Each structure stands twice: as structure tokens, then as C-alpha cells.
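Copied from TrEMBL, the annotated features are:
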{"type": "BINDING", "residues": "N68, L70, G95, E116, D142, N181", "note": "S-adenosyl-L-methionine binding site"}
{"type": "COMPBIAS", "residues": "12-22", "note": "compositional bias 'Low complexity'"}
{"type": "DOMAIN", "residues": "75-266", "note": "domain 'Ribosomal RNA adenine methylase transferase N-terminal'"}
{"type": "REGION", "residues": "1-47", "note": "region 'Disordered'"}
Amino acid sequence: MADQRDVLTGSAERGAGVGAVRGETDVAAAPQAGEGGTPSGSPLANPKTTRAVLEAFGLSAKYALGQNFLVNNDVVKKILALAGIRPNDAVLEVGPGIGTLALGLLQAGARVVAVERDDDLVPVLAQTCGTFADRFTLISGDALDLTADRLREAAAANASRPAADDPSEAADALPSKFVANLPYGVAATLILDYFERFDFMTSATVMVQKEVADRIAAVPGTKNYGAYTVKLRLYAQVEGKFLVGPGNFMPAPHVDSAVVRLVRRQLCDEKGTLVPPEDVRVAALLADAAFASRRKTLANSCKTFFSGRGAAGKHVAAQLSRVFEAAAIDPRRRGETLDCEEFLRLGRAYRAVVEA
């Protein structure tokens, strides 16, 4: 078994040619990490070093936890560039594994709070990211259970801070950027959940299964467009995407992957006033109702929603008519034809007519 202290020795191998990285949108124009240069990536992002680290600790990838370790440094560099990582950025990572992406973030100057469910990887991360212990804090546990308070505690533990003469940065700054190679089984849930609950999170640059990426970036009227797309779009918009083939991981997954960058949006009405959170919540519920029976008209699919919230009999039809009229939306349309703003308008009309 290799010496755990020497697992990074001779890790200059970059993993070039490990697998295809296919650009799909505006990644070439993405901002560069650091100051005036291309991100250096991670010394762990190659098959030789990844294998050496796992062998040194007597570990292997756990299928049940969705572990597929990234082994192409070009992909790491593209993720860092797309995320726009700068020195002193406060970053949240989920599923750091052996520390491949975390090390890239740290070398770019970021302060990282990482959440890892696999206890066997805790000593690995202590070794691979130990040089940056003042800017790296590990939370051991399930990312689905993560709270803002726990994040605040972890961020405060990172000793390295921005300059004292920069009042815009709080000493215990919560992570504003979410950057991760996510476990595919929970990726979609985590992304939406974090945008809903963590209002301090301004962007997410995440590796997900291509199928999830297609749902995230879908437009009305397409097969991938659904309630999830609408609900996520209420909080964030897609600003970059690139595809990553199976050969860029060890072990190789059976599906294609994609990195997507989402940036939080501030929803305003026609007067420029911020939309209340309750309007957003109702719009999300209406999206769920509209896509529960995808081929039904809005009038039919929303009827159940209205009935379930206290209306009955002829009152449902009357309320439906008034809501659609107030929203200026044809009730004969199907939910798959409405964009995010139209669902929001429908939600606002519902609150004005039914909950007034």
C-alpha cells in the first residue's frame, strides 16, 4: 500500500486525453479564475494520482453513494473558469470525494466549505487538502440536511479572511457560490433546495447527469420542460453549460454528464418591485399542478389545485375564470406552453383573487 503522505508526489500528469470534453454553449467566453490567467486546476485530476490516493487509504468508489471521481484536469479548469472563481470567494462544495475539485478551488484562492457523507473520505480530505487547512472546512454528513446555521459555523472556522479594509466581506461570510461534482441521485433535489433555502447563494456551477442538465436548460414546448424547470427558473437562470463524457471519470458512469452554471435572478414585477416570496411559492405549486397531467388544459389541471385549497363546486369554476382573466392567460393552454414569468403571473393573480 502506498504511503498516504506521498500520494501527491509526481502528480504532474494532467490526464490529457482521458475523455472527451465537449463545449455546448458560451464556455469559451467564461470568466477566468484567479487574476489574469487560466485556472491551474487540480493535481488530483488524473487517473494515476486518483488511483494512488484510493489505494493508499484502502478505498474504492462506492456505487451506492454515486461516487465517480473526476480524472481530467481540463474539465476541472473549465469548471473553475465557468464558475468565475476569484481569490477569497466563499464556496460551498457537496461530495468532494478525495478532494479533486476542492483542491482546484483552494489553489485558485477560494475559501471552501465541503459537505461529505462518506466518513471513509474524511482522512483522505485531511491529507489532500491539508495544505489549505486555514481555508478548508469539512462538514461530515448528508447534504440534504444542511442548514444555513451549520454553514455559518463552518464558514467562521475558515481562518483566512479578506483584507480588514474591505467592509463588504463579513468575517463569517456564507458561501455565495455552489461548485460541485454532485452525486447524481440527489443532484436535481439539492440544486432547487439550496436556491430555495439559501438566499445568500448567488450562483451554482455543478456537474450533473446530462438528463438533469437538459431539464434545467429546457424551454417551453419541449419534452424536457416540466415543473422542475419552471420552479428552478423562478430562482435562477442558466448562463453556461458544457458536456462531459463518461471517460473523464473513474469509474466511468454509464451516462453522459454536463456542467451547468446557474445564476440567481431577482424577480421583479412590471413596476420594478421585488416579487414577494409567497407569490413565488404559489407559482411553484401551480407549476406542479399544471404538469401533473401534462396533456390537460390549464383549466382542468388547476381545478384540482383550487379544490384542494378550499374552493368547491361552482365556486371553483368562477375562481378559475377570474384568475385566468386577471393573469391574461388563456385557460385552454397547456402548462408546457407557459414560461416561468407566466406561471408567476398566474400565481400573483391567484393570490389577488382567491386569497385577497
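Cβ from N, Cα, C; glycine included.
Taking the features listed in TrEMBL, we show where each one sits on the structure.
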| residue | record | CB count, 10 Å |
| --- | --- | --- |
| N68 | S-adenosyl-L-methionine binding site | 23 |
| L70 | S-adenosyl-L-methionine binding site | 28 |
| G95 | S-adenosyl-L-methionine binding site | 26 |
| E116 | S-adenosyl-L-methionine binding site | 24 |
| D142 | S-adenosyl-L-methionine binding site | 12 |
| N181 | S-adenosyl-L-methionine binding site | 29 |
Next item on the list: Determine, from DSSP, whether N68 (S-adenosyl-L-methionine binding site) sits in helix, strand or coil.
Entry: coil
Margin query: Please compute the mean pLDDT of the model over the domain 'Ribosomal RNA adenine methylase transferase N-terminal' (75-266).
Written below: 93
Next item on the list: May I ask you to report the DSSP-based helix, strand or coil state of G95 (S-adenosyl-L-methionine binding site)?
Entry: coil
